[in-house]
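Okay, so here's the structure we're looking at.
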Amino acid sequence: MNNSDKTCVNKRHYLCNVCDKSFNQACKLAVHQRKHTGEKPYLCDVCGLMFRQSNNLTEHKKIHTGDQLYPCDVCDQRFTSTSHLTVHQRKHSGEKPYPCDVCEKRFTSNGHLTVHRMKHTGEKPYPCDGCEMRFTTNSQLTVHRRKHSGEKPYPCDGCDQRFISTSHLTVHRRKHTGEKPYPCDVCEKLFRQQCNLAEHKRIHSGEKPYLCDVCDQRFTSTSHLTVHRRKHTGEKPYPCDGCEKRFTSNSHLTVHRRKHTGEKPYPCDGCEKRFTSNSHLTVHRRKHTGEKPYPCDVCEKSFRQQCNLAEHKRIHTGEKPYLCDVCDQRFTSTSHLTVHRRKHTGEKPYPCDGCEMRFTTNSHLTVHRRKHSGEKPYPCDGCEKRFTSNSHLTVHRRKHTGEKPYPCDGLLEVNQ
């Protein structure tokens with residue numbers, strides 16, 4: 001090879017010193033490097049958005065002017081370029097002309113395929129200069145950087161919240177509209193996000209791919225595993241600004257805050273009760289429907305909540321993992337231990353607003369209040385009597401059945 005040939009080869013290869021990609025022109029390398037630096041020198045004078053390339057800005061400006069927009073003939077969505085329209089139309093046609101050569105997935109655009117391939121290679125060419133995280137696309141990096149800067153450029157027009165990306169805003173808007181576009185094909189439950197549907201489907205499949213390396217418990221999602229791990233570490237990164245409590249997840253904190261505000265945004269359509277969380281409402285509804293989806297595999301007793309089943313199973317195993325540090329009595333659940341400790345402390349945190357009595361548990365207070373109201377919600381199906389609590393009804397039913405479940409373990413001697 002002569003010198004002129006070598007020069008020609010060198011001219012064709014301009015290497016990126018961050019990700020080792022090569023380009024045949026220096027100007028193309030310069031544009032590419034802006035992905036790594038975050039530089040966007042082309043400013044839209046209408047909305048303030050910035051772009052890496054002048055042609056991207058030119059296309060973007062069509063959104064404001066309405067010039068030369070390309071409409072989709074199926075859904076009337078409009079695009080700034082024919083290439084964007086072509087990719088969009090494949091959503092309607094189902095066409096996915098770009099196959100992955102590693103797995104069986106196919107994609108509507110070469111860009112989507114390129115990003116997908118990085119899952120197989122592990123390549124993450126876009127590093128954050130504010131932390132150690134790396135990303136497969138520059139757009140992911142851009143959104144991530146806003147966590148450091150606090151920038152939230154996408155406001156919701158239905159409330160005061162702002163978001164770091166249009167996708168986060170789109171999902172949030174569905175809270176206002178009630179839209180849940182992702183149905184489960186097994187039970188027809190609907191979801192606001194595709195990732196929530198994917199997690200939900202694992203309930204049907206039984207798949208739990210995320211393993212805790214401390215206790216071998218498995219989970220349907222990484223987020224559930226992350227929250228669970230905090231039980232082992234004791235980490236509670238979400239403090240309440242209304243009291244001193246801290247929580248392992250933001251969702252638990254959100255529900256807790258409603259105790260301070262009194263907000264109960266989840267009404268029951270079977271009675272007048274309202275609840276601080278959707279999960280509490282779901283459990284409550286089972287009182288109306290009688291549904292008890294968690295059966296014991298030992299005695300076939302069923303429960304409304306999985307945590308109640310877990311506690312119940314300890315009756316069969318004899319396990320009592322929760323120890324009182326005052327009297328060494330052991331309990332099957334933390335809630336039973338908490339109530340028990342109040343015997344030692346004398347604490348009765350549940351006052352009756354109809355008299356001066358106080359109670360160690362909310363359930364005892366609820367039963368007591370019925371003395372004031374006269375409410376007896378537990379009817380006997382063997383006679384016309386009604387009771388203030390389920391336990392009183394259970395004892396009464398034994399009069400009809402003749403059941404006497406408590407044997408005497410000794411005889412009382414009586415002098416004749």
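Positions of Cβ are set from backbone N, Cα and C atoms, glycine also.
In TrEMBL this protein carries:
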type   : residues : note
DOMAIN : 14-41    : domain 'C2H2-type'
DOMAIN : 42-69    : domain 'C2H2-type'
DOMAIN : 70-97    : domain 'C2H2-type'
DOMAIN : 98-125   : domain 'C2H2-type'
DOMAIN : 126-153  : domain 'C2H2-type'
DOMAIN : 154-181  : domain 'C2H2-type'
DOMAIN : 182-209  : domain 'C2H2-type'
DOMAIN : 210-237  : domain 'C2H2-type'
DOMAIN : 238-265  : domain 'C2H2-type'
DOMAIN : 266-293  : domain 'C2H2-type'
DOMAIN : 350-377  : domain 'C2H2-type'
DOMAIN : 378-405  : domain 'C2H2-type'
Candidates 14-41, 70-97, 182-209, 266-293; stretch with most C-beta pairs under 8 Å toward the domain 'C2H2-type' (126-153): 14-41
Long-range neighbours of the domain 'C2H2-type' (182-209), counting only residues six or more past its ends (CB under 8 A): 171, 174-175, 218-221
Taken over the domain 'C2H2-type' (14-41), the model's mean pLDDT: 83
Tertiary contacts of the domain 'C2H2-type' (98-125) (same chain, 6+ residues out, Cβ under 8 Å): 18-19, 21, 36, 87, 90-91, 134-137
Folded-back contacts onto the domain 'C2H2-type' (238-265), same chain, C-beta under 8 angstroms, at least six residues removed: 227, 230-231, 274-277
Secondary structure composition of the domain 'C2H2-type' (70-97) [DSSP: H/G/I, E/B, coil]: 12 helix, 4 strand, 12 coil
